[in-house]
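See below for the structure under consideration.
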């Protein structure tokens, strides 16, 4: 990122994603079989490269432009992430039903390509001197490792819902297929609407980040345990309760996801990393890598558990990721606070102040 520039990486990533999205719309022309499957993997991989470039650069540009309000800005932008999750399925479904397979992809790809020259004109140029800080030095910090587990667990929990929740809704509540997308609104809206508030809270009161991370992980785990709900509770699942739990999941995910980026940055500064675009690129790349890893593991493991155990047990087990991350980061914060208080008491023994007072009195 520091060698080619954040702005160029962002624009190039958008261009690749736009072109690849249009290619998606042409895959139905390919003969079925191994050739079709191979091209699907290839096009999907190209889309992932473009997406990773654009997202990594965008996080870095935002953190560079708003260094004192990173969580607030990221939380505000999550409104548009939520809007995309809300509007994407119904708009895509409408275009698909009205015009066929190709039109949704071509339309979306053209919109992305139109935004490329707009961003070339609007975005500031962010140049930086490459630093000597190592990516592995950042990753192997104990606190960063635990925060990576938090990112992974949140993404895995969110990804778990994609292949399983719609099947469960259709089977359990006998809703028409057209109403299934509306159920997802509770999760998307609660996440997008609460994210700006959580971001503002994280920036204005930095000491609350640790409590947001811990309580967000534990609350997410509890919500996934109640989503089925788990058979050990012997509670019959009802639609209103299912929607309420989804709303709480959206809020709890925001509690953990929004403070993570500034918390990793703060940890890097504490450990002597140079401030600048190079560090922002490292943190942004790490965040997106762990999020993508969770987005792969969540649906894969979730789909397997759904087939073997059913949605109720699968969601409860999936919540174990969030429970593990919440407990682990909580233990770390408690241990770190104990270590800091003991080291400060050793450096400043209680008798020092009294002795200093008596000495000053005798000198007078």
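Along the chain as shown, the residues are counted starting at 1.
Glycine is treated like the rest: Cβ placed from N, Cα and C.
Note that TrEMBL annotation is computational and uncurated.
As recorded in TrEMBL:
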DOMAIN    1-338  domain 'Major facilitator superfamily (MFS) profile'
TRANSMEM  7-27  transmembrane segment
TRANSMEM  33-63  transmembrane segment
TRANSMEM  70-91  transmembrane segment
TRANSMEM  103-123  transmembrane segment
TRANSMEM  144-170  transmembrane segment
TRANSMEM  176-199  transmembrane segment
TRANSMEM  211-233  transmembrane segment
TRANSMEM  239-265  transmembrane segment
TRANSMEM  277-296  transmembrane segment
TRANSMEM  316-335  transmembrane segment
REGION    341-364  region 'Disordered'
COMPBIAS  341-351  compositional bias 'Polar residues'
Checklist entry - Going along the chain, which residues at least six beyond the ends of the transmembrane segment (239-265) come within the CB cut-off of under 8 Å? => result 59, 63, 70-71, 74-75, 78, 144, 147, 150-151, 154, 157-158, 169, 173, 175, 183-184, 186-192, 194-195, 198-199, 202-203, 206, 209-210, 212-213, 215-217, 219-220, 223-224, 226-227, 229, 279-280, 283-284, 286-287, 322, 325-326
Item to check | Region pair the transmembrane segment (176-199) / the transmembrane segment (277-296), three or more CB pairs under 8 Å | outcome: no
Checklist entry - Residues of the same chain, at least six outside the transmembrane segment (144-170), with any C-beta under 8 angstroms of its C-beta? => result 138, 177, 180, 183-184, 187, 213, 217, 220, 224, 242, 249, 253, 256-257, 260, 263-264, 267-268, 286-287, 290-299, 301-303, 306, 311, 314-315, 318-319, 321-322, 324-326, 328-329, 332
Next on the checklist: Applying the under-8 angstroms CB criterion, which one of 33-63, 70-91, 211-233, 316-335 scores highest with the transmembrane segment (7-27)?
Outcome noted: 33-63
